[in-house]
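Chemist: Relevant sequence annotations retrieved from Swiss-Prot are reproduced here:
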{"type": "COILED", "residues": "302-462", "note": "coiled coil"}
{"type": "COMPBIAS", "residues": "308-340", "note": "compositional bias 'Basic and acidic residues'"}
{"type": "DOMAIN", "residues": "2-295", "note": "domain 'FERM'"}
{"type": "MOD_RES", "residues": "Lys60", "note": "N6-acetyllysine"}
{"type": "MOD_RES", "residues": "Tyr146", "note": "phosphotyrosine"}
{"type": "MOD_RES", "residues": "Tyr354", "note": "phosphotyrosine"}
{"type": "MOD_RES", "residues": "Ser366", "note": "phosphoserine"}
{"type": "MOD_RES", "residues": "Tyr478", "note": "phosphotyrosine"}
{"type": "MOD_RES", "residues": "Ser535", "note": "phosphoserine"}
{"type": "REGION", "residues": "244-586", "note": "region 'Interaction with SCYL3'"}
{"type": "REGION", "residues": "305-340", "note": "region 'Disordered'"}
{"type": "MOTIF", "residues": "115-120", "note": "motif '[IL]-x-C-x-x-[DE] motif'"}
Amino acid sequence: MPKPINVRVTTMDAELEFAVQPNTTGKQLFDQVVKTIGLREVWYFGLQYVDNKGFPTWLKLDKKVSAQEVRKENPVQFKFRAKFYPEDVSEELIQDITQKLFFLQVKEGILSDEIYCPPETAVLLGSYAVQAKFGDYSKEAHKAGYLSSERLIPQRVMDQHKLSRDQWEDRIQVWHAEHRGMLKDSAMLEYLKIAQDLEMYGINYFEIKNKKGTDLWLGVDALGLNIYEKNDKLTPKIGFPWSEIRNISFNDKKFVIKPIDKKAPDFVFYAPRLRINKRILQLCMGNHELYMRRRKPDTIEVQQMKAQAREEKHQKQLERQQLESEKKRREAVEQEKEQMLREKEELMMRLQDYEQKTKKAEKELSDQIQRALQLEDERKRAQEESERLEADRVAALRAKEELERQAADQIKSQEQLAAELAEYTAKIALLEEARRRKESEVEEWQHRAREAQDDLVKTKEELHLVMTAPPPPPPPMYEPVSYHVQEHLHEEGAESLGYSAELSSEGILDDRHEEKRITEAEKNERVQRQLLTLSNELSQARDENKRTHNDIIHNENLRQGRDKYKTLRQIRQGNTKQRIDEFEAM
């Protein structure tokens with residue numbers, strides 16, 4: 001029994017391990033991977049490995065895994081990656097898993113600076129990536145520092161601005177909050193819709209030379225072949241759509257492209273190594289097939305996948321609406337509960353206020369009663385004193401009468417009697433004056449007693465009003481309410497140095513509609529506004545001395561009003577012959 005081969009396949013978010021037989025083909029391994037992760041849009045993807053010479057290579061599906069130039073290691077390492085890119089992610093990507101894999105791969109390309117991304121776009125994309133991971137921003141769930149372990153923006157962008165890590169996180173948190181209500185899957189798609197407008201998105205670059213020996217870049221992507229000057233990967237100079245190409249072939253390092261326009265000469269360039277020409281041919285065949293397929297009616301399989309995706313999306317929207325409804329209901333109940341608690345606290349405060357007022361009124365009443373009793377005691381004492389003085393006056397009158405009678409009856413010493421009489425007369429006058437004063441005091445005390453009695457009656461009436469007022473209402477009781485791209489090469493022999501592929505363009509509709517496209521920022525006012533705001537914010541912290549060569553090129557393109565699609569229209573102008581002549585002259 002042959003010993004199985006241990007294989008480790010790393011996707012963008014998982015590691016898968018398999019044991020395969022020595023006769024297992026690339027397709028069998030590939031099918032096992034896509035089945036495991038539930039992927040049906042298999043035509044975009046491939047298995048990549050580093051060959052014995054250290055070059056990244058795509059696993060051939062029609063050959064045995066063990067017969068290819070994989071390193072003899074245990075386990076054998078593969079990466080599951082997107083090999084071909086869609087023209088428009090929002091129109092072509094069907095499954096959520098497909099969107100997620102593209103999102104993670106493109107994000108990694110931007111963060112590692114393999115795909116140039118300007119600063120303001122990098123921050124906006126970072127906020128969408130945060131939304132895709134964390135969902136809606138919440139002050140309770142997302143405390144300060146919740147982004148501290150996240151890779152958010154390219155290191156190049158951070159180095160170019162005088163902002164701390166915390167300041168970058170604060171900016172992204174603000175934009176994260178702006179995306180409230182957006183589903184995680186939708187955030188990934190919004191990320192890709194913006195990222196696909198970046199100049200280097202989805203392009204495979206290869207070093208080539210024209211017949212003059214000029215060093216150039218060949219860019220192979222979903223739309224065709226583009227030629228770049230050696231010092232500028234952002235701005236293609238010449239473009240050939242796939243619909244203009246009928247045959248691609250190479251012999252050793254010489255690569256020949258035959259246009260559909262038979263009046264045009266062959267498009268010839270040279271690659272430094274044979275294996276590069278093989279990769280170019282494979283990518284050309286795969287991209288051309290997908291380009292043609294997109295311009296034909298969908299197959300039954302794709303129609304079924306789209307119908308299923310629509311149904312799943314509709315179901316998710318319903319679930320989202322139900323969750324939102326339930327969330328709003330819970331929030332309403334919480335608000336109602338908080339309102340009742342506030343009302344209860346207000347009632348308790350009012351009751352305490354009533355109690356304090358009642359106690360104060362009772363104390364005032366008690367004080368007034370005490371004061372009234374004191375006044376009554378003083379009035380009684382004054383009354384008794386007045387009565388005593390009256391008795392003394394009466395006794396004095398009687399004594400006077402007695403003396404007068406004695407004076408009449410007895411004849412004694414006239415002077416002595418007169419002196420006694422004068423003495424008693426003076427005493428009577430004094431007593432009379434004292435009696436009048438006491439009577440006046442009695443009247444005053446009686447007046448004050450009446451006032452106290454009136455205050456007492458008034459206080460009793462106020463207390464009675466407080467005690468008989470209806471109590472505040474009690475707080476209410478709370479009731480908690482597939483198919484693969486045909487990209488393998490038909491070889492004449494194992495050591496053959498020449499390969500050729502015919503590219504058919506029959507039966508396609510609107511073969512160059514991509515030239516009518518505009519960027520997401522141009523058609524989406526919200527994205528346009530966000531990018532403008534971010535650009536203004538970051539310009540104040542930018543260190544102009546740290547601008548890279550790509551920054552300078554990008555800014556110059558912006559200044560001249562160019563973007564990815566305007567450039568595409570420009571580089572395809574003229575007939576095929578004119579553009580080939582232009583390439584030869586570079």
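Even glycines carry a Cβ here, placed using N, Cα and C.
For each feature listed, report its degree of burial, its nearest neighbours and the pertinent distances within the displayed model.
Modeler: Secondary structure at Lys60 (N6-acetyllysine), as computed by DSSP, is coil. A simple way to gauge crowding: the CB of Lys60 (N6-acetyllysine) has 19 other CB atoms within 10 angstroms, across all the protein chains here.
Secondary structure at Tyr146 (phosphotyrosine), taken from DSSP and collapsed to helix, strand or coil, is coil.
Following the DSSP three-state reduction, the secondary structure of Tyr354 (phosphotyrosine) is helix. The Cβ of Tyr354 (phosphotyrosine) has 15 other Cβ atoms within 10 Å, all protein chains considered.
DSSP assigns Ser366 (phosphoserine) to a helix in the three-state reduction. Under 8 Å, Cβ to Cβ, and six or more positions away along its own chain, Ser366 (phosphoserine) finds no residue.
There are 16 other CB atoms within 10 A of the CB of Ser535 (phosphoserine), with all protein chains counted.
The region 'Disordered' (305-340): residue composition by secondary structure is 36 helix, 0 strand, 0 coil, according to DSSP.
For the motif '[IL]-x-C-x-x-[DE] motif' (115-120), same-chain residues at least 6 beyond its ends with a Cβ under 8 Å from one of its own Cβ atoms are 106, 109, 153-154, 157, 160-161, 195, 198-201, 233-234, 531, 534-535, 538, 542, 550-551, 554.
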Chemist: In sequence order, what residues of the same chain, 6+ apart, have a Cβ less than 8 Å from the Cβ of Tyr146 (phosphotyrosine)?
Modeler: Phe134
Chemist: Hey, how far is Lys60 (N6-acetyllysine) from Ser535 (phosphoserine), Cα to Cα, in Å?
Modeler: 45
Chemist: For the domain 'FERM' (2-295), what is the mean per-residue pLDDT, to the nearest integer?
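Modeler: Computed over the domain 'FERM' (2-295), the mean pLDDT is 92 on the 0 to 100 scale.
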Chemist: Measuring Cα to Cα, tell me the gap between Tyr354 (phosphotyrosine) and Ser535 (phosphoserine) in whole angstrom.
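Modeler: Cα of Tyr354 (phosphotyrosine) to Cα of Ser535 (phosphoserine) measures 61 Å after rounding.
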